[in-house]
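Here's the structure we're looking at; comments come further down.
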Amino acid sequence: MYYGFDIGGTKIALGVFDSTRRLQWEKRVPTPHASYSAFLDAVCELVAEADQRFGVKGSVGIGIPGMPETEDGTLYAANVPAASGKPLRADLSARLDRDVRLDNDANCFALSEAWDDEFTQYPLVMGLILGTGVGGGLVLNGKPITGQSYITGEFGHMRLPVDALTLMGFDFPLRRCGCGQMGCIENYLSGRGFAWLYQHYYDQSLQAPEIIALWEQGDEQAHAHVERYLDLLAVCLGNILTIVDPDLLVIGGGLSNFTAITTQLAERLPRHLLPVARAPRIERARHGDAGGMRGAAFLHLTD
């Protein structure tokens, strides 16, 4: 059995998957905030319960919103303070007496989608998250590509390309990102960025769902905004896809629920790619809230 943990700031979610990659059981508990010991106990107790329930010693994979900084799995995880700066992988491997695998939640999202029954036919899968921020991951032949610093797929921290400024205007403001750089595409393509662009052009403060509702009602201003956003997304993806050249692009995060993104993006991409390039198949993520658990569990499918 494959145990996958999706760990966030508020909850620890465990999903147990069988050899056919089907979810057999799941359980959630609150994430301890103050005590590393309590955090380890919470994970270990869930593993013990799963072992007892299924009568096996399952493999353990963990997806967490942070970046392992060393080989022992020491984390930088601002949203999970109890575990940040701690050798999480090494400590859990010792306590559970098994190989614990650890990756960031965006890579687990991409891995979950790459192992979808239909998507396993594609050698190179790119996962793109358009949510509170912009992130993602790359999976090659069923294995996540992490890089030496675990930042492969941090697409949101690429800078606006010159074609974006041609589209938006060379006086378009380059906003400072939380990472400290200027002009990161996360500030324009995330859910927050979607709303910021609307306010920038129309001087109205609306959230993304409100703007999308107006678009669905046929509002001309919302329609113009969505067209501009999709053009900007295509421009920015042009650089990324030229570097990565994936077979499949899977889009997740809150904005993936807006169908125009997956249905209207493909037609905009070719003019931003090399003439010989083929645009990837574009699909909306299929596994929703279970994606983090799935991807973490499937870290052990990559042997």
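Glycine residues also receive a Cβ, built from the backbone N, Cα and C atoms like all the rest.
These features come from Swiss-Prot:
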| type | residues | note |
| --- | --- | --- |
| BINDING | 4-11, 133-140 | ATP binding site |
| BINDING | His157, Cys177, Cys179, Cys184 | Zn(2+) binding site |
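Structure coloured by features recorded in Swiss-Prot.
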residue	record	Cβ contacts under 8 Å, 6 or more apart
Gly4	ATP binding site	Leu14, Gly15, Val16, Phe17, Gly61, Ile62, Gly63, Cys108, Gly292, Met293, Arg294, Gly295, Ala296, Ala297, Phe298, Leu299
Asp6	ATP binding site	Ile12, Ala13, Gly15, Gly63, Asp105, Cys108, Gly292, Met293, Ala296
Gly8	ATP binding site	Thr31, Ile64, Pro65, Asn79, Val80, Asp105
Gly133	ATP binding site	Gly156, Glu186, Ser190, Arg192
Gly135	ATP binding site	Ala106, Leu128, Ile129, Gly153, Glu154, Phe155, Gly156
Gly137	ATP binding site	Asn104, Ala106, Asn107, Cys108, Phe109, Ala110, Leu111, Met126, Gly127, Pro144, Ile145, Thr152, Gly153
His157	Zn(2+) binding site	Cys177, Cys179, Gln181, Cys184, Ile185, Glu186
Within 10 angstroms of the C-beta of Cys184 (Zn(2+) binding site), what count of other C-beta atoms is obtained when all protein chains are considered? 26
A 10 Å Cβ contact count, applied to the binding-site residues Val139, Cys177, Cys179: which residue has the minimum? Cys179
Nonlocal neighbours by CB distance (under 8 Å) for Thr10 (ATP binding site), same chain, sequence gap 6 or more: Pro30, Thr31
Work out the three-state DSSP category of Gly133 (ATP binding site). coil
Using the Cβ centroid of His157, Cys177, Cys179, Cys184 as the reference point for the Zn(2+) site, which residues of the same chain not in that list have Cβ within 8 Å? Gly156, Gly178, Gly180, Gln181, Glu186, Asn187
Using DSSP and three states only, what is Cys177 (Zn(2+) binding site)? coil
